[in-house]
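J.: Quick one: this structure, given as structure tokens, is what I'll be asking you about.
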Amino acid sequence: MTTTEVKAVHAEAKVQEGAEEEEEEDDDQGGAAEGQGDATTRNGGTANKKKKKKKKKAKSAGTSPAPFETSAAGEECGVEHANGENDNDAEEDGDGAITAEDAIKKKKKKKKKGAKGASGVSGAVPGQLHPATGEPGKKVPGRGVSGFTDSYIRYGQTEPPTIPVASLFAEGHFPKGEIQPHPGDMNTFRITSEEKRAAERLEADLYDKVRSASEVHRQVRKYAQSFIEPGIKLIDMCERLENKNRELIQEAGLERGVGFPTGCSLNHVAAHYTPNAGDETVLQYGDVMKVDFGCQIEGRIIDSAFTVSFDPTYDNLLEAVREATDTGIRTAGIDVRLCDVGEAIQETMESYEVTINGTTYPVKSIRNLNGHSIGPYEIHAGKSVPIVKGGDATKMEEGEFYAIETFGSTGRAFVQEDLECSHYMKAFEAPHVPLRMASAKRLLSHIDRTFKTLAFCRRWLERPDGGSAFIHGQKGKQEKYLGALKNLCDVGIVVPYPPLVDIKGSYVAQYEHTILLRPTCKEVLSRGDDF
């Protein structure tokens, strides 16, 4: 819910309160007129008026919307319903009973609110029906994230965001991520060591770059959360998100831009799905969608993901995966073994279960998916962070970047490649292979110049700018490239990454953050007030 929507809800409450006061004054005048004819009746009318005023006060105290309070992290406190509806079913009068008159007034009040929502309350969509309730004019609230979708305005950003993030922080000092201590006995030494603090000062320029990319990620995903709802085409959602990403980061080819294609995997599809051109898939009310995208500045990639659903049925699934990711972040640190992180993640994840259509399923960690270290222009830099016990005993090291991501499933918790491929990436250590196809040579030259070893998708090759307006202007579109792309994949220069899926009918959720193991502490770079 945006701050604009909050103001609209409070304004509506004031209008209703004024209407109740006018109604109360009319009742008082009627009681006074009747009282002029009979002293006994006047005394009885006065008593009834006092009782009615008490009822009104009690009723208004129980139903007036609670003020929106924000914590230091910016999360909403005291909000009963994200779409502005109040839970009036449990209202009682002063002596504990609901009168017939109050019930009629309450019913009228609800009808008024419904009419206002359809005709002008912020967030209403005229002619659209809520998929679950059938109520007209209500925007379906997204679940799985929290906070205000326009929280970036505190930095002077517009709504929707249009100012490049670098312009909001002219001095080059960007917001820090969440700071956590390293686990273990050496933490006090790291915090107090002048040597460690000096090492951090030497990396100040690097820290500013990754914090800048992180702030872009936060603002872009907040913007995306404001328009993601049932009925949107996934291809339109991805294009809108990626264009805003390019705008806020000031896309400049390999120097700065989108880190990898936007993943929007649905339900049993766990990862690596983005729509190809012509894909008309539409987001439905009952879908569980993983939104995974990245930002990069000089090859330093911020990789973060969250899950969107609209049906409260899946709340436990989303909570399990979000908590598992947070557990993995708390466990990670310098000299921590990767297998210990995986064991902690699995223990948290599999303590949850979810009931779907009357059947209860345990939430299970997907055993062949994992987090990973991140290097310059290399999204998977060599180390894997398991999400089950029994993984690699290699230790994490100072200065490393990691994507801590977890996947929870109601299925068999094992994924395999399926569906049409959309994600591709040039191998980081690609072999030198003589190419006979002229079209393959041209495509490889385009990939080297535009993406280098960053991931890309077919949609980007088909854009007028070929993936980068900074490099190609509007003359970068690749024509009839599929044969050339297949040839590059066949010889091992480009690696395809097809969608990874669990069994049909299952549901998968994902949460992910990028962390930096600084000499003195651990910084969760992509942390926001949403997750």
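Placement of Cβ uses the backbone N, Cα and C atoms for every residue, glycine included.
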J.: Of Asp303, Asp502, which does TrEMBL put in the divalent metal cation 1 site with Asp292, Glu512?
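T.: Between Asp303, Asp502, TrEMBL records just one in the divalent metal cation 1 site with Asp292, Glu512, namely Asp303.
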J.: Looking at TrEMBL, Asp303, Glu405, Glu512 are annotated for divalent metal cation 2. Which of His272, His372, His423, His432 sits in that same site?
T.: His372
J.: So which binding-site residues out of His272, Asp292, His380 end up within 10 angstroms of His372 (divalent metal cation 2 binding site), measuring C-alpha to C-alpha?
T.: His380
J.: In the structure shown, which of the binding-site residues His272, His380 has the fewest Cβ neighbours within 10 Å?
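T.: It is His380 that, of the binding-site residues His272, His380, has the fewest other Cβ atoms within 10 Å.
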J.: Which one is closest to Glu405 (divalent metal cation 2 binding site) in space, judged by CA to CA distance, out of the binding-site residues His272, Asp292, Asp303, His380, Glu512?
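T.: The answer is Glu512.
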J.: 10 Å Cβ neighbour count around Asp303 (divalent metal cation 1 binding site)?
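T.: By my count, 27.
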J.: Which residues does Asp292 (divalent metal cation 1 binding site) neighbour through Cβ under 8 Å, counting only same-chain ones at least six apart?
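T.: Residues satisfying the criterion: Thr262, Gly263, Cys264, Ser265, Ala271, Asp303, Ser304, Ala305, Gln510, Glu512.
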J.: So which of the binding-site residues is most packed in, judged by how many other Cβ atoms lie within 10 Å of its Cβ, out of Glu405, Glu512?
T.: Glu405
